[in-house]
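S.K.: Questions regarding the structure given below will be posed in turn.
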Amino acid sequence: MRRRVLLRLRPPARRCLCAALSTAASTTAAAPSAYRLLALLRGCVAPPHLPLGLRIHARAVTSGLLAAADGPAAALQTRLIGMYVLARRFRDAVAVFSSLPRAAAASALPWNWLIRGLTMAGHHRFAVLFYVKMWAHPSAPRPDGHTLPYVVKSCAALGALALGRLVHRTARALGLDRDMYVGSALIKMYADAGLLGGAREVFDGMAERDCVLWNVMMDGYVKGGDVASAVGLFGAMRASRCDPNFATLACFLSVCATETDLLSGLQLHTLAVKYGLEPEVAVANTLVSMYAKCQCLDDAWRLFDLMPRDDLVTWNGMISGCVQNGLVDDALRLFCDMQKSGLQPDSVTLASLLPALTDLNGFKQGKEIHGYIVRNCVHLDVFLVSALVDIYFKCRDVRMAQNVFDATKTIDVVIGSTMISGYVLNGMSEAAVKMFRYLLEVGIKPNAVMVASTLPACACMAAMKLGQELHGYVLKNAYEGRCYVESALMDMYAKCGRLDLSHYIFSKMSAKDEVTWNSMISSFAQNGEPEEALELFRQMSMEGVKYSNVTISSILSACAGLPAIYYGKEIHGIIIKGPIRADVFAESALIDMYGKCGNLELAFRVFEFMPEKNEVSWNSIISAYGAHGLVEESVSLLCRMQEEGFNADHVTFLALISACAHAGQVQEGLRLFKCMTEEYQIAPRVEHLACMVDLYSRAGKLDKAMQFIADMPFKPDAGIWGALLHACRVHRDVELAEIASQELFKLDPHNSGYYVLMSNINAVAGRWDGVSKMRRLMKDKKVQKIPGYSWVDVNNTSHLFVAADKSHPDSEDIYMSLKSLLLELKHEGYVPRPDICYTTQPDNTTQVMAI
């Protein structure tokens, strides 16, 4: 008996919903009623149920149930509209709606079905049109709490803020502005439009607030960049005894990840455990991301090991965390494990992994991933396209990057910025500017990142006019408060020769980071203002800004430009005692500084004690010995460099040929030039050709120098003609000097040094008409002769002076000492030589030229 009861209580076998409904429909075939068909239609809630819904619709038509004017008929028609909306058959839904009698259309329910369905399907314009038509209907049905949330959502999606305000006014007039759903939609609309004040006004006017409402307002603050207000609102939420849900914690954990705020993240993790939300997938994924971005990858791994491995977002978060922490091997292993578990990577997975392959110079792996994308038809969103373009540019395959860009159907500001940055990285500044103009033509509005990416191209081309136009755009759109934009502007003005504007932007910056300081120091050092660079470094130290190896390299370059070995030694002490360990580039800059300050012993000692060496450090020590004319030592270092497995580059041979020119070793210089072009297959640059001209000129072989210039594969620049002109001064070749000077006056017409040098050549040759001609040329072209200056270091202090300078406080003693020295020189047999000329160089320093 007991067994029989148990069998009776066992539930019947479940059947498919469609089959059950179909059976029910067949039982009503004899005598269908509106109520029975209405009950059946309530089960048609998805597109697969459409065939059954069509049969019910047909039965209702053939039975004449829709022609009745009673309430059941109206309810049946309304439910038919809902069935078609849920099946995404909007044309059929509108057809049924159009046949509604006026009494049925006076209800808000059929309107709500259509407005809701169109909004959810993304047809926001039609949803708004139906809302307008709702007001124009003769029966004028009143919108209710189910109508307005979807209308507000469509207004927000269309960016129709004015219409959204009108709907808000309507909600207030109908007393629906305090409705939970209407209020939530209004808050989101205002927040997405950046009107946080309007959103907060709606929020404060709500009589009741559930967790969703708090989340919408806090999410609006976070997206608007007002994290402090979001945190304050979270505190008010806790005080109101409204418990957070998974969306609340996920929102704030993402903020902690972005701000790398580990302490707040730990507190939120505690709350997640307290409220039992840690197992929620959204919370767990944001926790993994937060720990990874805060460089606590061990904690991220522990969470990952406890989580189920069936969610793609979880895998993506862990792979991205490994990439961000430089654990590329782990990222690749996870990528393989994910595929073994049966999950296929999506665009987010691949976009996270591609930057890791760039760091590894993994061009082959990057192309394999590109092949996987093509074979498996992975959706190419803007982030994946940008990642592909970026890896090709960084691997120097510009053509492939252009092909990926050309094949992209949708171009936005992210992809455009990546293309511009890639062109700049590969030295294609003109192409970067053309891309910027093309993006403007297709209607893409530049953002701060895109402008900051274009400014380096303007700097490389010295296109100051375009740079100023971009500066105006920055001011117009209030981008000037962002450090990376202002750093790019500073660099552009500095490279265009306007250090004053560069320093003005720097001085007006409210917040300066390490990159900004480094950019300004480097600009001063590279533009012949080493004293300003040193002063800026002192300010940086006094303000407590942490310096890096980039800072050290820039300031050592300034010390080498003075030269000021005592400052350089102080920086060396900072490297030894400071909180950072110098990298190979900072140590190479130290070698260069000691070499230019004349202390080869210390330069070589730094080189020998370097734990790691690269081509830059070898070039620095070879250049140091070459600048002192020690050709044999430089060549010996070249041989040692090759023995240790380093390849010489164009910089190495430039230093060696320059050393031969200063030492007068023409044959050795020729041998090295042939070695560079034939053995190393290095194409000569304009600097190498200028050194070769200087090599021949210093040795008095002006005919060979001129022939070398004539055989050049490209047009000589001012450096080449300048070397020849100086040689003509030394060797009294007036005719060749005329040829060189005419070319220089075309290439660099405002450099006073060339006019003065040519005037001196004419004066020594007794050609006073030529001297007068040079003076007239300078007057006609408004060229000002900048006085040359020299300096001497005494007791760690630099003293600058010009000719006949009496501004020094000890000038009387100085001139008395000079007079005494001249008397001693004459006593030793010194005879004055009028053919020695002091000429002003392009850098305004004095050089003694002897004939």
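Yeah, the Cβs are placed from backbone N, Cα and C, and that goes for glycine too.
All TrEMBL annotations are machine predictions without curation.
Relevant sequence annotations retrieved from TrEMBL are reproduced here:
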- 210-244: repeat 'PPR' (REPEAT)
- 311-345: repeat 'PPR' (REPEAT)
- 412-446: repeat 'PPR' (REPEAT)
- 513-547: repeat 'PPR' (REPEAT)
- 583-613: repeat 'PPR' (REPEAT)
- 614-648: repeat 'PPR' (REPEAT)
- 649-679: repeat 'PPR' (REPEAT)
S.K.: Sequence-remote contacts (6 or more beyond its ends) of the repeat 'PPR' (583-613), Cβ cut-off under 8 Å?
M.R.: 549, 552-553, 556-557, 559-561, 563-565, 568, 571-572, 575, 619-621, 623-625, 627-628, 630, 644, 646
S.K.: Mind checking which residues of the chain, 6+ beyond the ends of the repeat 'PPR' (614-648), have their Cβ under 8 Å from one of its Cβ atoms?
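M.R.: Residues 584-585, 587-589, 591-592, 594-596, 598, 600, 603-604, 607, 655-656, 658-660, 662-663, 665, 668, 672, 676, 680.
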S.K.: Could you tell me the mean pLDDT the prediction assigns to the repeat 'PPR' (412-446)?
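M.R.: Mean pLDDT across the repeat 'PPR' (412-446) comes out at 90.
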S.K.: Work out, from DSSP, the number of helix, strand and coil residues along the repeat 'PPR' (210-244).
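M.R.: DSSP classes over the repeat 'PPR' (210-244) add up to 26 helix, 0 strand, 9 coil.
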